[in-house]
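Per TrEMBL, the features are:
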- B:84, B:89, B:125, B:129: [2Fe-2S] cluster binding site (BINDING)
């Protein structure tokens with residue numbers, strides 16, 4: 001421990017503590033901008049590039065960045081001297097002098113760290129005038145929107161992408177005033193190995209990185225009387241959407257969410273969870289087939305489009321191990337435009353499927369050519385939790401006062417197994433519940449597999465099924481996935497089944513969720529809420545979903561059969577590293 | 001192996017160099033230096049090759065390439081012309097010499113002439129201020145250059161190539 005003094009407050013801090021952390025212990029607030037510490041997922045951005053946290057250190061000539069300066073014995077720090085306050089304000093003014101400052105019409109209005117800081121520091125005038133950077137905007141992926149004009153060079157996206165997700169899309173390119181955070185060779189994002197996980201969007205303090213919005217397209221479809229617009233909602237939405245309306249993280253707002261969708265004009269409000277149950281019966285069947293020697297082990301889950309694109313670029317030699325199952329919302333799209341359309345006698349050409357997702361990669365996924373049949377696309381639009389909240393506000397709905405309503409049938413029914421898809425470990429747990437019963441022919445007493453739950457980046461479990469020890473691996477975050485896959489490729493580790501989610505924590509922390517602003521307790525609350533929801537469901541095993549059973553009986557036939565393959569399965573493409 | 005649209009023999013030469021390195025960590029700058037020596041410049045595919053060979057991200061390679069002014073993504077001509085833009089040369093009209101060379105070769109600064117014979121760059125002070133304005137071609141220094149000398153200097157090299 002070392003002794004320091006901050007603003008005349010004496011305190012002891014452990015060796016290696018930064019001034020910023022020490023100040024927090026003394027309840028002293030030092031403004032920050034580029035700094036971000038996501039301790040739970042091992043992501044620390046300590047570039048000290050914005051210089052907003054400058055403080056005075058006695059005996060030091062220059063001001064010190066509090067986020068990157070470690071305390072030393074006897075250190076005396078002053079955070080609120082005239083010099084420090086002026087310097088901070090100057091830093092922000094300089095940042096603003098090369099910023100579009102179009103806050104009123106900016107997609108981050110109200111959610112922007114730079115805007116918040118300008119308010120906090122009482123900036124009323126930008127004293128500096130000069131050249132402003134203008135760069136090409138990139139929406140080539142139809143998923144991720146890059147607007148480098150709004151970049152403040154905090155490099156959070158780089159840290160997230162390089163260190164946590166190990167995709168290495170961004171680098172500082174050029175130098176001096178010309179510097180821009182950009183992909184290799186300034187390529188359009190769609191030509192890079194970007195998986196569109198959107199974690200860079202989650203941590204971008206401004207609107208330099210956001211999603212490509214389809215809100216206008218969805219409104220257009222909703223107002224078109226020729227169209228039959230239906231919604232499906234991902235599991236992770238219902239425990240996060242409330243945050244946008246002042247409710248607590250993890251508050252389950254399923255009923256209000258359904259009510260809101262109806263009031264926005266969706267003809268039917270369905271649940272992606274229904275399709276998650278379908279995914280499980282298909283995937284469990286495929287798993288059992290592979291256990292019986294038909295195909296290679298391990299089987300990898302394929303629900304996460306970002307993870308799928310990652311393996312296509314990074315491990316093209318392993319493309320025979322992911323399950324061939326489409327992701328649940330793509331299965332839903334295919335089912336909606338065939339089974340549902342036929343059953344209710346609706347022209348599939350008129351059906352518009354809108355997926356409400358915690359995800360940005362799903363916007364890319366729906367454009368993949370495997371999911372287009374003639375001029376019909378399985379899913380037409382994907383909007384994020386944030387975009388959905390925006391639509392609710394635009395329509396003037398008082399969200400918290402909406403009544404609780406139920407999903408429509410038949411594609412609205414689901415089990416507890418489906419709802420946990422939204423958390424890391426959930427898909428494999430759901431698959432185990434079904435596979436166990438199918439292999440043993442016995443009923444599973446305790447359906448909860450606690451070893452695969454929780455935010456840890458990598459989890460494993462061994463499950464005894466009949467006389468077999470089934471080894472399960474779970475990775476979340478693409479960096480963790482990469483390590484796992486390298487070991488699988490090199491034969492260093494063996495598992496029977498593996499679940500991978502691109503985002504740390506799974507979909508509850510997806511790139512399309514309400515911004516967490518560096519507070520991962522929000523994500524933990526969402527996680528707990530999903531398991532609570534699972535527990536509250538009368539049915540907790542996917543293969544017991546009566547609506548799923550009925551659909552197979554009426555339309556699809558055999559699980560894993562020919563029609564199932566045509567509608568519910570897909571294939572993968574080798575891609576290059578770039 | 002992915003296809004690279006560059007001279008294969010040169011690429012093999014670069015590969016041999018990279019393979020000969022005992023420690024590939026931190027080797028990016030020497031490798032880029034070597035690659036530019038071999039290819040004359042650093043086209044996209046060479047950078048991609050280096051990234052994959054060293055197991056680092058292409059964006060990082062590109063970031064380093066664009067950071068250092070020594071590295072160029074523009075092909076270099078057979079003969080590299082450098083015009084000194086230091087204070088003394090500038091005062092003595094180096095900018096007019098540069099304009100004349102650009103006009104004569106019909107190219108922009110940093111680029112290569114259509115026939116691949118010349119490329120043009122500027123630099124800051126070669127330490128021969130007494131000879132201002134100074135033009136260097138492949139390291140050979142021409143002093144007190146006048147606008148009307150430009151054509152003669154270029155012809156010298158053109159003739160040599162026949």
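Backbone N, Cα and C atoms are what each Cβ position is placed from, and that goes for glycine too.
Heads up, TrEMBL stuff is auto-annotated, nobody curated it.
On the structure: features taken from TrEMBL.
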residue	record	Cβ within 10 Å
B:84	[2Fe-2S] cluster binding site	29
B:89	[2Fe-2S] cluster binding site	28
B:125	[2Fe-2S] cluster binding site	15
B:129	[2Fe-2S] cluster binding site	16
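Take the mean position of the Cβ atoms of B:84, B:89, B:125, B:129, the recorded [2Fe-2S] cluster site; other residues of that chain with a Cβ within 8 Å of it are B:85, B:86, B:87, B:88, B:90, B:94, B:124, B:126, B:127, B:128, B:132, B:133, B:134. According to DSSP, residue B:125 ([2Fe-2S] cluster binding site) is assigned to coil rather than to any helix or strand.
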